[in-house]
Structures are given as C-alpha cells and as structure tokens.
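Trainee: Here's a structure for you.
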Amino acid sequence: MSAVDIQATRDAGQQLQVRLAQRLDLGLTLSVLALLGLGLVMVASASIGIADRNLGDPLYFLKRQAAYVVLGLAAASLAYRIRLAYWEASAGLLLGFAYFLLILVLVPGVGVTVNGSTRWLSLGLFNLQVSEVAKLLFTLYLAGYLTRHGRAVREQFAGFLRPMLLLSGAALLLLMEPDFGAAVVLMAIGLALLFLAGAKLWQFALLVGTVAAALAMLAITTPYRMARLTAFLDPWNDPFNSGFQLTQSLIAIGSGSWFGVGLGASVQKLFYLPEAHNDFLFAVLAEELGLVGITVVVLLYGWFLWRSFGIGRAAEQAGQLFGAYLAYGVGVWVSLQAFINMGVNMGLLPTKGLTLPLMSYGGSSMLMTCAAVGLLLRVHRETVESGPLRVGRVTGGRGA
C-alpha cells in the first residue's frame, strides 16, 4: 500500500470519527452500555438461585432481562431517529395519554395487582408499569410547556402553578395505586425543571415546603408507610419482620468490604434478601464487588448526570430550548432514581420500590429509560447539526 493510500485511509477514519462524534455522545453512550452490561451480569448472579428453585431454570430472569435490553435498545434507536419537533408538537397529547394510563390502571379488573399495589397493565408477554411511562411522557410535556411558557413561569405565579397542578394530579393517581416512589420522582422532575427554567425562589421554596409537608403527612397517616419509616429509622429493632429486608441489605453491603466476596459468591441473595435481582440489586453488587464496584456504579451514574446537563446546556446555548429541558429532565429522572435506590439499599432512605435504572430486572423501566436515553442522544445530535453554539440567544432560566 502506497503512502497516498495510507493517508487516504487515515483521513477516511478521521472523517468517520467526526461523523460519529456529531451523531452520538460517545461518553454518554459508553456509560449507558456499561450500566446495561453490568446490570445483566448482576441480574444473572442475583437471580440464579431463586430462578432455579421456583422456575426450574437458573437463567430464566437473565434471558428475560436480555430480551428487555434488546427491546430497550430498539426503543432507544427509534426515539433517536424521531425529530424533537414531533415530540414538542405532541406534548399535549402525550400529557393526555399519560393521564389515560394512570386512570386506566385503577379501573377494577383492568390493572394488575402485585403485593397489594395495582401498578401494571397486562400486555400479554409482560406487564407494563404505567408509572414508568408517565415519567417519560411528563418529562416531554414539561419540556414543551417550559419552551412555550418560560416567561410566564418566571414572571407569573399562574405560569408556575399550572404545570405543578397537573403534576400533583398525576402524583395523586400514583399514590392511589399506590406508588409512592414514582410520585416522589415525578414531582422532583417537575420541581427541578421549574427551578432550571428560572422560577422565583420564593415560589419554588413555598412549593417544595408544601410538597414535603404533604408527603410527610401521607407517610405518617398511612400505616404501612409508617411501618416502613419506622423500619428505616431502626431496622434492627424488628430484624425478622418490618426491618428484615433492610437488615439483610445492610448485611450484604457490609460483607462486601473493599473488593467484595467475588462475583457469584453472594450469600444474601440465597433466599435471605427479598427482591435481590430487582429493587435490591445494588446490595448484591456491593456484596460481590465491594466498595470498588459501588464506586464504579456511582461514577457511571454521576457521569450520566454530568453528560445530560452538558447536553442540555449546549442545546440551550444553541437556542434548542425544548431539547435543553428534555435533557435536564432525563438527567434528573435517571440519576435521582438511581441515587434513591442506592440510598434505600444502604438504609439512608425509606423503602420506595424504585428500580436501579438500566440495571435492575424489569421490562417497563428498561424500555422507558432506554427510550429516554435515545431522546437524550437525539438532543445532542440536533444541537450539533444546528451549527455553532449561539450563546446570545438564551434568555431567562438558570440553565443558561
């Protein structure tokens, strides 16, 4: 091969790298793939015992999770290919569909009840958890609302209050299922986006205080939530009843020490820790991979949040406000839910029933989170394709 051919090959490779960099945020993509891969490994490890005992197939949950990951990647690819203008124009319809699902699941005989909670709609092959769909649809709606009414949010109390009333209505429907954790995440997404849009601090503080007081009152006046709160404050007071799950989780995390007991060698997953492959996957990871594994996972979610806000800021500077708010919302949603899940596993927060995004077993969470990642990558693509950043076009919100 001549020197000219070698140089031409190098130039073609560099051009390919530039095109990939323009279309994909490689750092974000790699972190998501790392979480998906590690999640598959940990689901296989955490579920092998219970799958073998209850279903006769030690790889049952791994096979299903692998299928969910494939479907999730397909959902991400589809979301990535659809222009943001379509989602922005459909914001009102998406809001209506979210409310339709939240009401439909509460209709007697329609919603599927598991462990006393009616959160799912049966789709045949798997059950769809409507709260996961609602998180994505409300994030899209809020991004559209703030793009159209950003000035009203900053200057008028009514502009600030309108989306919060809609979110509060959705949160009440979630509490009727009940799904306290999803209601908290949904309200947090709304509050974070309103803050980033430039809502007045006194309005923001008033609403945060009101929401916190309402959630506290709800927790105190509901017996099973009060039991969870009591178990969270002192799980060792009743380690074989209300505090059982948390004490087993703490034992798992403590057993991991610095480097863990080894992949597949967890003891707590062997019928001691309930939901080991689902809500408490992080505890099994901590036991098997130790503090090193915990640090890697925390850094991956931290990087996801960093890149989400980086993509959002770039979009805002380029005048792509819908994409900016969408990126901020997805970043808050995924990272907040991840850190709540880890906090619950470590006994820092009461049990919420939230999955570890992109890692825990479950089809609904995987599909919706992957779709959100696809939208995030679409924001990056459209920002790059819009040309050089135009900083001067941004006015208002705190994200600028």
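Even glycines carry a Cβ here, placed using N, Cα and C.
Not my notes, these are from Swiss-Prot:
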type     : residues : note
TRANSMEM : 30-50    : transmembrane segment
TRANSMEM : 65-84    : transmembrane segment
TRANSMEM : 92-112   : transmembrane segment
TRANSMEM : 123-143  : transmembrane segment
TRANSMEM : 157-177  : transmembrane segment
TRANSMEM : 179-199  : transmembrane segment
TRANSMEM : 201-221  : transmembrane segment
TRANSMEM : 247-267  : transmembrane segment
TRANSMEM : 280-300  : transmembrane segment
TRANSMEM : 321-341  : transmembrane segment
TRANSMEM : 356-376  : transmembrane segment
Trainee: Based on Cβ pairs under 8 Å, which of the stretches 30-50, 201-221, 247-267 lies most in contact with the transmembrane segment (65-84)?
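Mentor: It is 30-50 that shares the most Cβ pairs under 8 Å with the transmembrane segment (65-84).
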Trainee: Please indicate, using numbers and ranges, the residues of the same chain that are 6 or more beyond the transmembrane segment (201-221) and have a C-beta under 8 Å from a C-beta there.
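Mentor: Cβ under 8 Å, 6 or more out: 157, 160, 164, 175, 180, 184, 187, 191, 194-195, 229, 350.
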Trainee: Who are the chain neighbours of the transmembrane segment (321-341) in space, where the CB to CB distance is under 8 Å and they lie at least 6 residues beyond its ends?
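Mentor: That would be 84, 87-88, 135, 139-140, 142-144, 146-147, 150, 181, 184-185, 188-189, 192-193, 196-197, 279, 282, 301-302, 304-305, 307-309, 311-313, 315, 349, 352, 354-358, 360, 369, 372-373, 375-376, 378-379, 382-383, 399.
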Trainee: For the transmembrane segment (92-112), I need the partner stretch with the highest count of C-beta pairs below 8 angstroms, choosing only from 123-143, 157-177, 179-199, 247-267, 356-376.
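Mentor: The stretch with the most contacts is 123-143.
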Trainee: Six or more residues out from either end of the transmembrane segment (356-376), which same-chain residues have a Cβ under 8 Å from its Cβ atoms?
Mentor: 25, 28, 32, 35-36, 38-39, 42-43, 47, 61, 64-65, 68-69, 71-73, 75-80, 84, 87, 120, 126-129, 132-133, 135-136, 139-140, 277-279, 281-282, 297, 308, 311, 326-327, 330-331, 333-334, 337-338, 341-342
Trainee: Are there at least 3 C-beta pairs under 8 angstroms linking the transmembrane segment (247-267) and the transmembrane segment (123-143), leaving out pairs fewer than 6 apart in sequence?
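Mentor: Output no: the transmembrane segment (123-143) is apart from the transmembrane segment (247-267).
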